[in-house]
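J.: The structure that follows is given in the form of structure tokens.
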């Protein structure tokens, strides 16, 4: 607990709490906004493109995801930029930028192997097959509207690190310890993906992202790892079929 910053100024503490609460509220509103705005937005896409409802649906989903994440991220960046000490939850010097970047890259491999271990446990104990329905659904949307890739690979990871690592983990770690804060924030991170058969996989990812943030004291470390992971998964999913055909052709040539 020596690493956690103790702020004596109650006004600063209250400001941090308000900023964290507002960022969390923005994220929640973004998640539920589709309930009210999806249908009007779908009609807008149909009228703009001239496409029938069924053909316009992928565009609606892709553009809505991209725009909603972008707006939520911009609002969160504005809020956090006005609270300069919002990120200073740790006492002492932060890790250097080069080492923080290096840990972000290392973190990608840690998460990748963590997922492999989690998948093996799920299969051995629970008989759960590999493959995430959440990932498949998101990639399907990206295929229909490539603009969604920005939300999947860039906007989403940054916003999720703000919410789950700084707001939830960062708030809890100041009054508890790494493991309590890490596990609680990782479970919330897992639940928000609505892929309940793979709760363990997402929880492992959340714990590793929390470790990276805790290790370097820089949120950009976990963001780098998260962006790399989502980018890699999206790339593999989008080009899985062409890659499979290419490998089959290579086998025939041998």
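Residue 1 is the first one shown; counting continues down the chain.
In case you wondered, yes, glycine gets a Cβ from its N, Cα and C as well.
Per TrEMBL, the feature domain 'CAAX prenyl protease 2/Lysostaphin resistance protein A-like' maps to 145-231. According to TrEMBL, the transmembrane segment annotation covers 21-41, 61-80, 101-126, 138-155, 167-190, 196-213, 220-240.
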J.: Would you mind giving the whole-number mean pLDDT across the domain 'CAAX prenyl protease 2/Lysostaphin resistance protein A-like' (145-231)?
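T.: A mean pLDDT of 95 is what the predicted model shows over the domain 'CAAX prenyl protease 2/Lysostaphin resistance protein A-like' (145-231).
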J.: Looking at the transmembrane segment (220-240) and the transmembrane segment (101-126), are there 3+ C-beta pairs under 8 A, with each pair at least 6 apart in sequence?
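T.: Yes, since the transmembrane segment (220-240) and the transmembrane segment (101-126) share at least 3 Cβ pairs closer than 8 Å, they count as touching.
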J.: Could you count the residues of the domain 'CAAX prenyl protease 2/Lysostaphin resistance protein A-like' (145-231) that DSSP puts in helix, in strand and in coil?
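T.: Computed counts for the domain 'CAAX prenyl protease 2/Lysostaphin resistance protein A-like' (145-231) are 74 helix, 0 strand, 13 coil.
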